[in-house]
Amino acid sequence: MKNQSSFSIVALLLIFFSSSVFAQLQTNFYRKSCPNVETIVRNAVRQKFQQTFVTAPATLRLFFHDCFVRGCDASILLASPSEKDHPDDKSLAGDGFDTVAKAKQALDRDPNCRNKVSCADILALATRDVVVLTGGPNYPVELGRRDGRLSTVASVQHSLPQPSFKLDQLNTMFARHGLSQTDMIALSGAHTIGFAHCGKFSKRIYNFSPKRPIDPTLNIRYALQLRQMCPIRVDLRIAINMDPTSPNTFDNAYFKNLQKGMGLFTSDQVLFSDERSRSTVNSFASSEATFRQAFISAITKLGRVGVKTGNAGEIRRDCSRVN
C-alpha cells in the first residue's frame, strides 16, 4: 500500500511538472519583447527557401532530430564536438542549419529582438514556415523554449528511429516522448518532402535476403527504378526523393505511395504492411484534411518534448555556441 502511495505521488508530481512546463509555452510569448518575431523569421525562411528547396526537408529533419535528443533545446545546433558529429546526424543537410542562422541574423538586426528569441524557438518557427511554403498546413507555434547548454555525441546513440525499424520499435521510441502511434504515422508523413541517401535503403533493393534480393514488401517496379537511381557499387550518398510522385509538395501522397508498396524505408512501408497501423495510413491516404489535422497535433506535441523554460538553459547569442 505504501509503495502504491509513493508511486501515485511520483506520478502526480510528473503530471504537475509536465503541465507547468507546457503552460509556460505560449503562442504569444514574445508579444512584448519581440512582437514581430514571426514575420521576421518567416521572411528570412522564405528568402532561404527561394534559394534552394532543400531548405524545407532539411529544416524539418533538423527539428525532429533536435527534439528527440535532449528535447527541443537547439542542442543539435551547437558546434563540434556535439550531437551533429554522431553518424545519425552527419547526414543532416547544411541548409537546415543555415536557415536558423539566417533567421537569427534577421532577428538580431531588429533592436527590439536582438538576443531575445531562443534558437530553439527560431527552429520551431522555421519548421512551421517550411511546411507552409511547401503547401502544408499552417498552425500556431508555441514559444518560450530556452536553449540547452549541453550537446554530446553519446546522447544521440539509440535516440533516433532507424530506416530498418519495425512498428514495435517505432512505437516504443515515440512513446518515450509522449507520442502515440497516430502521432508517429502523421510525423512520418513529413517524408512527403524528404530525401534519403542510397546507402540507407540499398539492402532492400539488392540483398534483402539470400533467396530474395528485393524486399517483397517493395513494389517491384519501384524497386527497379531505385536500382537505376542507385546503381550497385556507386556513391551511396546519392540523394533520392522519398515521395516519387510529388516530392516538392507537402501532401498525403506519401500515404498513397505506401498503399502501392512505394515506401522507401522499411520503417515507412511497415506502416502499411503491419495491419495494426494500416487503417491509419488508409485514413490519411483517403483524406488529406485528416492527415493535416493529425500532423498539426503531432508536431505541436513534438515541439513540447523536453523543453527548457523559465530560468533553465539560456538565450544563445550565437546559435552554434553556448554563451
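Glycine residues also receive a Cβ, built from the backbone N, Cα and C atoms like all the rest.
Marked as active site, proton acceptor by Swiss-Prot: H65. For D66, V69, G71, D73, S75, the entry in Swiss-Prot reads Ca(2+) 1 binding site. Positions annotated as heme b binding site by Swiss-Prot, on the basis of sequence analysis: H191. Swiss-Prot lists T192, D243, S246, D251 with the feature Ca(2+) 2 binding site, giving sequence analysis as the kind of evidence. Here Swiss-Prot flags C34-C113, C67-C72, C119-C319, C198-C230 as disulfide bond. According to Swiss-Prot, the feature signal peptide maps to 1-23, an assignment based on sequence analysis. Per Swiss-Prot, site 'Transition state stabilizer' is recorded for R61.
On the structure: features taken from Swiss-Prot.
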residue: R61; record: site 'Transition state stabilizer'; CB count, 10 Å: 21
residue: D66; record: Ca(2+) 1 binding site; CB count, 10 Å: 32
residue: C67; record: disulfide bond; CB count, 10 Å: 27
residue: V69; record: Ca(2+) 1 binding site; CB count, 10 Å: 25
residue: D73; record: Ca(2+) 1 binding site; CB count, 10 Å: 29
residue: C119; record: disulfide bond; CB count, 10 Å: 29
residue: H191; record: heme b binding site; CB count, 10 Å: 25
residue: T192; record: Ca(2+) 2 binding site; CB count, 10 Å: 27
residue: D243; record: Ca(2+) 2 binding site; CB count, 10 Å: 25
residue: D251; record: Ca(2+) 2 binding site; CB count, 10 Å: 20
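Here the binding-site residues are S75, S246; the one with the fewest Cβ atoms within 10 Å of its Cβ is S246.
Note on C198 (disulfide bond): other Cβ atoms within 10 Å of its Cβ, all shown chains, come to 21. The record gives T192, D243, S246, D251 for Ca(2+) 2. Within 8 Å of the mean position of their Cβ atoms, the other Cβ atoms in that chain belong to I193, T245, P247, N248, T249, F250, N252, A253, Y254. Calculated from their C-alpha atoms, the gap between D251 (Ca(2+) 2 binding site) and C34 (disulfide bond) amounts to 32 Å.
Measuring Cα to Cα from the residue listed as 'active site, proton acceptor', the recorded positions that fall within 10 Å are G71, C72, out of G71, C72, C119, S246. The Cβ neighbour count for C319 (disulfide bond), using a 10 Å radius and every protein chain shown, is 21. Counting in whole angstrom, T192 (Ca(2+) 2 binding site) lies 23 from C72 (disulfide bond) by their C-alpha atoms. Separating the Cα atoms of C113 (disulfide bond) and S246 (Ca(2+) 2 binding site) is a whole-number distance of 38 Å. S75 (Ca(2+) 1 binding site) and C319 (disulfide bond) are 9 Å apart (CA-CA, integer value). For C230 (disulfide bond), the same-chain residues lying six or more positions away in sequence with a CB closer than 8 A to its CB are C198, F201, S202, I205, L236, I238, I240. In space, C72 is the closest of the recorded positions R61, C67, C72, S246 to C119 (disulfide bond), judged by Cα positions.
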